[in-house]
């Protein structure tokens, strides 16, 4: 059951982007499992992908096609129900076959098609089902009704995830909208499976790539559900330019900054949505580490807390077992940790001060602090001015059930 | 429920070692929770402790007392039910008070007493209960009935853990015996909470320290249940020398090697016992990584597999979801991983070959391989001659239940 996840928003038309979601029969009957996006000619496209060395065949093909030449991608094809990972040469060929089928039907080159897959790892991709469903998808492209696309890329997600913002850039209203999915094997490293962010703003391709990379590090690369980095993580940003604004080339000030902030807001909302719908989640947990001597100390401490099964089970029980958090801080590998300067605060309740239990702390106050479904764990290392934030979930019986029965 | 854990063995008398286990009332009624060991004068003693920087007060005191001077420890005092960690200055003083109380009652110096605690982190140590129970413990010291000591150091363990070996060293029969406990927050780093190994052999102190360190790296430092390194891990080795053998000074050959091998066997049996009784465990899992270019690649890959919640829940379900193992290998940080050289074998069934599903593999064969409670996962990286092995458990509903309800 998702934690505080809003209903799918009414994302408006994004000029230059059309899509369709159909049933190819890869997942169970009556489930949309094939999504196609069409991008207008001349769109800027940027992607970030998993750092897992066992990356899936479609990730390899995406990287090759994005690097292949100067013609930009025109189609994204996404199937769920099968990850096409660990499938060797035959899996690679099936990803190429998918691209070729789209290309021949719409009259583009095959490297202008980017393939994506998500689902069980190691099973042969049922490419025939995809090929059979493509004509239907390509003939039903539309500009609104984004919820269908959100539904079409889900695996163990319980709800579709979307977000959008509209801002004025150089006198033009531009829209930034996107969809994402989770909900397990979530510890993205460079990107997550799957995020797609579209805008009709005109954005220089290199600027878009830089923006995607920096905002990924403040959104998808800062969430974790179970510490397992997927083989298929992919996040794609598309700027069609059809809003006809003056092209954005500087993100550091003025309207460029307004756009960058709106872009980050969409990225964070989509990333948080994945956590809110994390497998078995009953809590949405923000882990903020401040007072670090270097950012890396804050980042790794926050991730270690977010990954600890003991912390996560205590969160599930709403148990203020702060000793487990303290134990993680001690093993997180912070150099020269001054244990007597560490403080821990949960939802505004000061629990640990100077490395030990705060004199004002009571077990009752801790229980009140841990009761809500939204939890903010704030750890201050007392060593400097650097900080970082990670978002995660608790660890529940449902997580075990979902993952013990995933393939059955 | 423990996995394949043998009944507590009949450890014979170890000359120079006496012990008592009593009820101090720290845990629930009718549970032994205070154990005292007496060591004969002139024993060699060595210890390894947690690398968690938030180490518990008794760990700090142990380190100080072991370093303090040349008089060797004579008493070990262990309480369960409270870890005396995250308790600041007052916790430190209570650990010292415990040592002083023992010292004054038996007529040794306070730094000849080593304190140990295990249980909930962050609660004040009820030192008065310990002081009240000490006279009873010190007046009931005995040489056999080791199961009482094993019971007396348990927390969430379901069964007491002990092991022993007898070997001939320079014409004398010597005994090596010990006890250990788990069962959560288990990812020892240099040692685990708590292991105690005793021998009546004469062993040079430096040789004993070296042997303890090297065998720890092949036993306690190669087990993991939940990746959480405790604040209290401690492992102590004692050699009383009362077997009157010629003192062991070389472990690399002859009788020294015989002794070292027997010592390692006891260490591994105690370490494996902790895994077999891991919280919620239904499987005992050996993760062996071979064919690595360097040992560190094998070690970290094995640990990442052992820590993956997705691998662990698949093990719980007896599901041959090998794609999850493959995904971990890909994210484990092995430099220059040749994905097309990786093979995975489970209980003798070849599942992955050359980085993809083995052509001979069938889902049925995978299910047969995953059915037993003893699982051997063998990953070959195809890159070199280095290897390492880690032991772990699966991840079950009971793990969540135990840790969500630990303090209630």
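Cβ coordinates come from backbone N, Cα and C, glycine included.
Keep in mind the model is a prediction, meaning the values are calculated, not measured.
What TrEMBL records for A:192 is active site, nucleophile. Here TrEMBL flags A:155, A:181, A:192, A:279, A:403, A:408 as substrate binding site.
Residues from the set of binding-site residues A:155, A:181, A:403 situated with their C-beta under 8 Å of a chain B C-beta: A:403. When the binding-site residues A:155, A:403 are compared by the number of other C-beta atoms lying within 10 angstroms of their own C-beta, A:155 comes out lowest. Of all Cβ atoms in the protein chains displayed, 27 besides its own lie within 10 Å of the Cβ of residue A:181 (substrate binding site).
Cβ contacts within 10 Å of residue A:279 (substrate binding site), excluding its own Cβ and spanning all protein chains shown: 28.
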